[in-house]
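Everything below concerns the one structure shown next.
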Amino acid sequence: MLLSTWTPGCFQGNKILLRSLITWYYLEFMPKLRPFYFLFYLTLPSCATDSPPISDKSSSIFLPLAQQQQLVHWMMPPRFRCQDYLLPLLLALSPAAAAAREVEYHHCHCDGGGGGGGGGLWSMDSIFRWQKVSDLLIAAAYFSIPLEILYFVAGLRHLLPFRWVLVQFGAFIVLCGLTHLLTAFTYEPHPFMVVLLLTTAKFLTALVSFLTAITLLTLIPQLLRVKVRESLLWLKARELDREVVLMKRQEEASWHVRMLTHEIRKSLDRHTVLYTTLIELSRVLGLTNCAVWMPAAGEMCLTHELRRDGGGEDGVVGVDDADVVEVRGSDGVKLLGPDSVLAAASGGKEEGTGAVAAIRMPMLKVSDFKGGTPEVIQTSYAVLVLVPPAGKSWGRHEMEIVEVVAGQVAVALSHATLLEESRAMRDRLAEQNRELLQARRDALMANEARQAFQGVMSQGMRRPIHSILGLVSMVQEEALAPEQRLVVDTMARTATVVSTLVNDVMEMSADSRERFPLETRPFHLHAMIRDAACVARCLCDFRGFGFAVHVENALPDLVVGDERRIFHVLLHMVGNLIGRTEPGHVTLRVRAADDDVLDDRLGQRWDPWWPSYSTGYSSVKFVIGVKRQQNGDAGSPLSRRPSGKGIDLRLSFSMCRKLVQMMQGNIWAILDPQGLPESMTLVLRFQLQSPLTSSSLGGSFEQKHSSPSCQIAGLKVLLIDDDDDINLVVARKLLEKLGCVVSSPPSGSGFLSSVGSSAAAFQLVMVNLEMKRVKALDVATRISQYRSGRWPIVMAMASDQKAWEKCAQSGINGILKKPVILQELKDELARILQST
């Protein structure tokens, strides 16, 4: 039908339909060029403007209405083939078609002749003018479109593979613009050249149009692939968008976790940590309530809650509850059911609340942070319950936030517990330190009291005893009767024992392991027994006891041992026997004992501890017994343990036995049926001393004293002591007894300066190390500065033999231990003079 109506007269009317068909094709398969085609379509001229009107009525530019309807229906795409779209289009075109049919185009201006008819808006002149203006505007628009396409191509270099299509489009648009420009000159009389140019332009336009259409047919598969690629890229973009959303959520969750961790770790108090956790979780997650349940004695107790409503719940849930067991047995977040007791107790049953979540929090112990092998300790778990508002669902990132926060809270609680225990330990250490300081102050006070006691003992007992010993030693040098000498020797030995006891008390200290030091030297055993018997007889006579002594003739005389300690033990045995019984008769028996007897009593073989500078040893047995007058039968031997009646006896006997054991001996007692000591036995082993070496080892009390040697006689001695009591007088008498010329420096403020200058005139300077107002070591050091050659010789007097180390550093030549006895003084002076 379209071909049957295709006449030269209607060519101009049907050309717009062909253009519409081409435009629809491009717009359907090239949607990205729709803006350009839309603009191109708007600028298309109507069929009446492409050529001058034709006067032939049969060659009208409009087709019949039925043919136009069929052509439009065929041209439209399938989705537009509907009567609903076609009817409004025909109604819009019907007025113009009716007006065009009524007008007769009998005026033709091609040659300048013809007349026109009609008037008003629809006159031929007006229509021609409008067509001319429209053609000029269309030409201007067509000429500008290629410039825009070139600018577009310059900005999108990646579209260069389609440059030929763009060039064809540009040529097509330029030719269309040229056609409209030439058409504008055909509304007035014009030469044949204009018609020829117009025909050529239209032919070229048609040719370029068909070439462009053919080129587009080859590009359609590529455009389809681009469409598929666009779909894939769109799907990829959606996936990337989802990943970006997830990343943003993860970043937001990480930020919330960091913020919560920072807030939780601000404090090291357990309660502050828990309340901070509840507040921050509620703020970040928008929760209605939060609660913490702590384990205690087989149940879970509600200890911390964000919102306290004061309800009827008692805040206690059993640890055997199903939800509690499940939550404490899993690592992640668990959503509680609607009938959960734990959720109801945490406020999850109230109106406006959603699904309740819970998670466990491990309560770490302090032992988990200590080194070494970890102990197997059952981990305790607390429960954190989260109550959201109604309609809120738990997302994955929110659960991750809760899990991370629960772990951080567990670590913060463990740190808080560790800090609390550290503070408690610090408080305990501070209390112990205060106790130690108090004990130190008490010890210092006790030491001061002990020193004060020692000072009193030294002033009240030791110094008088030393004076007595010095005087007795002088009396011993006189010509005495045998009975007088016995008494004097006994007094000297007794005073020596008392001095030893006082020294023991004075030198006793808390860190001293050797409370009873031994001084072994050769002595005469017979003389010691005689003196002990003399003192025992005096004690027995004083208490109303009889006394007898039996000494074996084969008993060795010159032995090595500590005669003062042995004398002390014998007197102690006599005192114990006569102090707790009725008056009777005391017997002292001394004999040599076999080694087997001593071995049987000791239960071990004898290991001699003395230096072996003799040929043998001898055991001596001392037996002291008492016989009461009421019964004559002696009791059988009983246990060596003393009775429980006398505490002093037990203490004295234990100390005495310890002293005997130090001398490698043994002592035991035999008690009567009443528990009183009936006899006491002392067994000691002595090293035998040959008479040839007795003089080199110090002699004894019975040694004959020769007259002062020529070196000691006439020796100028300076005696330095700031005390003017009897000790200074006794020391002077002893030196004068030896034939020395004794002088003493004046006391006063210039004592130290006068001593240094005056000491050079003396041969011997004796310094008392126990001076109160002056330091004896400073005096000795000052004297050594004025020494010329070997004179003066400096000798110190001290009660402590250990002071020799300090004296040697101060230039002191020798030390004389107090009490000063005449024979010991003579021996020490002879040794010093011989060595210098």
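Backbone N, Cα and C atoms are what each Cβ position is placed from, and that goes for glycine too.
Note on Swiss-Prot: of 416-452, 564-600, 638-674, the range annotated with the feature coiled coil is 416-452. His180 (Cu cation binding site): 26 other CB atoms within 10 A of its CB, across all protein chains. Predicted-model confidence for the domain 'Response regulatory' (718-834) is 76, expressed as mean pLDDT. Counting only same-chain residues six or more apart in sequence, the Cβ atoms lying under 8 angstroms from the Cβ of Cys176 (Cu cation binding site) belong to Ile138, Tyr142, Thr205. Each residue of the domain 'GAF' (269-413) gets a DSSP state, and the totals for helix, strand and coil are 51 helix, 37 strand, 57 coil.
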